[in-house]
Amino acid sequence: MEYSLICHNLYAISFSPVKKKLLLLCIMLLLWVYMLYSCVGYCSTMPSLMVDSYRGKDIQTAAKRTDSGGTASRDLLNNEIEVDRTDDWEEMRSEQRSLEPSALSSFSNGSGTKKLPQAIIIGVKKGGTRALLEFLRVHPDIRAVGAEPHFFDRNYDNGLDWYRDLMPKTLEGQITMEKTPSYFVTREAPARICAMSRDTKLIVVVRDPVTRAISDYTQTLSKKPDIPTFESLTFKNRTTGLIDTSWSAIQIGIYAKHLENWLQYFPMGQILFVSGERLISDPAGELGRVQDFLGLKRIITDKHFYFNQTKGFPCLKKAEGSSKPHCLGKTKGRTHPNIDPEVVQRLRDFYRPFNMKFYQMTGHNFGWD
């Protein structure tokens, strides 16, 4: 009898209307917190998953090309997909580690729509494109892809829907951007971008072509230590001093030649040329020009930068989505090897007429001579 009374009392207490409502409320709250936690965790892992996915595809592509032949050292240097992309992955991972994950930013990124880019940083390799992109991402009205899509040179067959799906979601008034430096030297890229939108704004970061070539070689050397010397790759014939323009490190720096291709599809007013040297010495000044070109308010100013003496270039006091200082990763600012001064002078003489033509075409003297 006592046992029955105890059970009856417990049943009455546990299933009273007030207790029922409180129990249901607690269960709903726990479920909501669990869903919130799961969603935030999923969003934070997406960039890493996307990077790993694309990296896997590139490794497969590189393997197929290697199997098909063309193993000469110069051919491997001209086809530097692995070198370029490895640097990009390392930079992306460094960037992910430096930023503080935020539940609020994860959910705000889920709003808006994906659009094709209105502005593209099209070049040049080893000119300072990564620095420019990271600096621009501080601006609240710019949303940009971190990794290089390589759509208009390597992945064009995937179609515009594939390309659009890579873009971040943007709100009304925000600009979608991407950067792929190899576009500038890809013959098909201007026509393809024009077919997407002839109103696309193009940004080219240029740098002293001699310094750029040495930096290009330094990057390749860090991945392939057994490659020939810079001097031997520079000349077709060292005795006659004939420069080998088939080597991509030399060919990229003939800016006037590549620009002629772009001017067949885009007016000069739609192309902005950023000085890689000034991006280091006066980042706020160059960023001011870029913001004006994009029709944005000048929000990125001197207060956003400090000069890192160890790396030798400016860093952000606060990166996008972070309260901590942020410098570009270890793949940037490598120490260049010592190059024979005579070879450097030969290259300066070679580039001089092309530089002069480039100055005339752009209406700007970059002071490389």
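Using the three backbone atoms N, Cα and C, a Cβ is placed for every residue, glycine included.
As annotated by TrEMBL, active site, for sulfotransferase activity applies to Lys126. Around Lys126 (active site, for sulfotransferase activity), the C-beta neighbours below 8 angstroms that are at least 6 residues distant in the chain are Pro181, Arg207, Arg212, Ser215, Asp216, Gln219.
Taken from TrEMBL, the feature 3'-phosphoadenylyl sulfate binding site applies to Lys126, Gly127, Gly128, Thr129, Arg130, Arg207, Ser215, Lys332, Gly333, Arg334, Thr335, His336. The Cβ of Thr335 (3'-phosphoadenylyl sulfate binding site) lies under 8 Å from the Cβ of Thr218, each of these being in the same chain and 6 or more residues away along the sequence.
The compositional bias 'Basic and acidic residues' annotation in TrEMBL covers 87-98.
Positions annotated as disulfide bond by TrEMBL: Cys315-Cys327.
The domain 'Sulfotransferase' feature in TrEMBL is assigned to 117-352.
Among the features that TrEMBL reports, region 'Disordered' is placed at 87-110.
What TrEMBL records for 21-37 is transmembrane segment.
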Just to verify a number: CA distance, Gly128 (3'-phosphoadenylyl sulfate binding site) to Cys327 (disulfide bond), in angstrom, no decimals.
13
Which whole-number mean pLDDT does the model give the domain 'Sulfotransferase' (117-352)?
93
Cys327 (disulfide bond): tally of other CB atoms within 10 A of its CB:
20
